[in-house]
């Protein structure tokens, strides 16, 4: 989620320029690395016909796209908070609502991917008729519409806030998702929807896992296929758990800020941000990039080619500068 942390209000007070640059760099470097990997993975999933015509790869592309946008927005809001920049309410509202939209896409897409694996193992003869390209596209549209309706509801609740009574539309605190929950109704709705989303997603993925385990005991089921499906569903549960852990990121920091020293709190904040906000957004690329035999060679090739291309451009640029100096 967009974790431009509310506790930054206390953490960044009195922090020097060098300290701010250092802490921002610590989070920006891994974020850029993961964005590079995710971007290469997205290009890989559009490089071959098999990826564009297979349902699970189409769903994976949707998951990666949402995670990549979410990662970029999270880092943007984090840097704004670390630099002490306070936005106007309308601009912050656009950023946080877009972050909310992509944040909810991930667990919903994981549910659809889990159901696809369940059908593949438990109903292999009907898989080709149930899991078609058209049905997959419809499922993705439903996911985006459902998430968009939730964002629209939040916008409607936000419009009931008396902004005309404010002296200025500039925010008093840093732009964060929590700071845009203006009013008790917005806060209660956000909590209720978050609980409903993750409980429903958890039940769906767990049920799919149990169904695959039961089907694996059948003599007619392919043992290798069921084993791979079980491992994939376990990974989906792990991804869902990491996404859920990001919802307690801010409340945990606020609670610790009352008992810990500022420097220690900043270090814990950076560690938690990298582990439960940045890293989960690249988990899908790492999981499928390493495990999937079809994706792995193409992904490695694309990563190597881009690295060599960047290196060659750097060498050409250096030679050009040398020639200009010598002439």
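A Cβ is built for glycine as well, from the same backbone N, Cα and C atoms used for every other residue.
Which of 237-256, 297-316 counts as transmembrane segment depends on TrEMBL, and there it is 237-256. Among the ranges 138-161, 162-185, the one that TrEMBL lists as transmembrane segment is 138-161. For the domain 'G-protein coupled receptors family 1 profile' (37-288), the model's pLDDT averages out at 81.
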